[in-house]
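Participant: Sharing a structure with you now.
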Amino acid sequence: MAFGARGWRRWSLLLLLLWVTGQAAPVLGLAVSSELQIQRSFVPDECPRTVRSGDFVRYHYVGTFLDGQKFDSSYDRDSTFSVFVGKGQLIAGMDQALVGMCVNERRFVTIPPNLAYGSEGVSGVIPPNSVLHFDVLLVDIWNSEDQVQIQTYFKPPSCPRTIQVSDFVRYHYNGTFLDGTLFDSSHNRMKTYDTYVGIGWLIPGMDKGLLGMCVGEKRIITIPPFLAYGEEGDGKDIPGQASLVFDVALLDLHNPKDTISVENKVVPESCERRSQSGDFLRYHYNGTLLDGTLFDSSYSRNHTFDTYIGQGYVIPGMDEGLLGVCIGERRRIVVPPHLGYGEEGRGSIPGSAVLVFDIHVIDFHNPSDSISITSHYKPPDCSVLSKKGDYLKYHYNASLLDGTLLDSTWNLGKTYNIVLGFGQVVLGMDMGLREMCVGEKRTVIIPPHLGYGEAGVDGEVPGSAVLVFDIELLELVSGLPEGYMFIWNGEVSPNLFEEIDKDGNGEVLLEEFSEYIHAQVASGKGKLAPGFNAEMIVKNMFTNQDRNGDGKVTAEEFKLKDQETKHDEL
């Protein structure tokens, strides 16, 4: 060590033995300079501060006599020498030699006896009139008047919020001493340091140094030991009286009193309905942490996230943040961890993480919804309205609520033809085509439980999708009374069987029956149910008359509808 007048007592017995057994006497007659000699062996490029009288320093040294014989070394003790400068705790020459040094500077110092231990020396250790040479490396410097030093080297353009007392933060850091020696790093553990600020969970200097930081900000916080681990250090990696330097990157910030934050990005001009508790939503989202790290995205799966809201199917913050949205709206929802995944996190979401969801609402509905019909045009004569059993020809465009086109008969160049009320379209469409006249144009909105349900149509219609149909009715053929597939337009001949049985053999075959029915339809005397396969209707009619199933109908088997209610017959 660089000996103080009283510090010599701390020398170890080992060093004393080395001196007694191995140290040669000083060379007599050698001219000794009375001046302090300082050679700056290495000076760092950056030197923000130099030693002044009154500063506290920590340094390594090797002490030798002029002949090169070592008499002491801090390296041998694996500990720096720590002392105030200019307060008489050092020999005068060392007190002077340390002034003006930078951290990481190396000096060769030659101290004459008059600035060291003089003509008396130290009995048994330092001979009288000894010139002492010290190889000094300064590793730390601070002053009792120092405060926490903050140097911000990156600050994001947007800083809507800064750290306040009682906030909870997540940050990465590298912890070094003033000489750059690393003593700890959250990066090495691949885990942020998570803590409250300003309530005593941190060393005082860090509590102060974090205040005012923005998420995304990077700063260097330099802390004197009396605001860090003091004289004792931490008992492990940090020695006593060490100044600490923390290179901090703030990733996350919230307060336990925080609620969700909602920022509307795009709100459609027309918003006829806003989501309520109990509604079922389909939406896309990107989920990120506050520092922008992506943890999930519905877009990457090419599938919306579909859920009920207000019923606990999603985290509380999203349950709240999805209320009051419009179809087509884009909004940002910021969710504090106590309304997200809490202290434990989930999957790639770390514990105590604030979550940011950028959402796009595709559609929503309520299980109690029915279809919605908006008529855009009706012709002057709109007296004949569609009903169950009518045969309809119409054009349509089918889309999702966000405007995504699913299908169009106009693009196909042909109409869509159905018999109303016979399950040939989804229930919502069947309902939406009722009481419509030829030439009318209307928009029908169909909730999924009246459309294609949760399953949708693979590759065509997403599951749980609300559908929008823009319809134009082009043709309407009135159907038959319910339960009939064929009716007479006039009186039925009393000799009907004989008219069908042209060969008069008392038996009617399918060919005879079919020829006769088609002839009646062609002449306008009879009518088949429109929209169905005529041959199948005729065959079913014949089968119903063929009671014994022998492929022919006799006069005894032949009956009209009103004569036999169990069969759909003539």
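One is the number of the first residue shown, and numbering goes on along the chain from there.
Just so it is clear, glycine is given a Cβ too, placed from its N, Cα and C backbone atoms.
Sharing the features that Swiss-Prot gives for it:
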SIGNAL    1-24  signal peptide
DOMAIN    54-142  domain 'PPIase FKBP-type 1'
DOMAIN    166-254  domain 'PPIase FKBP-type 2'
DOMAIN    278-365  domain 'PPIase FKBP-type 3'
DOMAIN    389-477  domain 'PPIase FKBP-type 4'
DOMAIN    488-523  domain 'EF-hand 1'
DOMAIN    533-568  domain 'EF-hand 2'
BINDING   D546, N548, D550, K552, E557  Ca(2+) 2 binding site
MOTIF     567-570  motif 'Prevents secretion from ER'
Participant: Where does the mean pLDDT land for the domain 'PPIase FKBP-type 1' (54-142)?
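Facilitator: Mean per-residue confidence for the domain 'PPIase FKBP-type 1' (54-142): 95 out of 100.
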Participant: Tally every other Cβ atom lying within 10 Å of the Cβ atom of D546 (Ca(2+) 2 binding site).
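Facilitator: Excluding its own Cβ, the number within 10 Å is 19.
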Participant: Give the nonlocal contacts of the domain 'EF-hand 1' (488-523) in its own chain as ranges (CB under 8 Å, at least six residues past its ends).
Facilitator: 534-535, 538-539, 541-542, 545, 551-555, 558, 560, 570
Participant: Using the centroid of the Cβ atoms of D546, N548, D550, K552, E557 as reference, list every other same-chain residue with Cβ within 8 Å of it (recorded Ca(2+) 2 site), in sequence order.
Facilitator: Q545, R547, G549, G551, V553, T554
Participant: Output the one of D550, E557 that, of all these binding-site residues, has the highest number of other Cβ atoms within 10 Å of its Cβ.
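Facilitator: Most Cβ neighbours within 10 Å: E557.
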Participant: With an 8 Å cut-off on Cβ-Cβ distance and a minimum sequence separation of at least 6, pull the same-chain contacts of N548 (Ca(2+) 2 binding site), or say none.
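Facilitator: In sequence order, the residues whose Cβ lies under 8 Å from that of N548 (Ca(2+) 2 binding site) (at least 6 apart) are E557.
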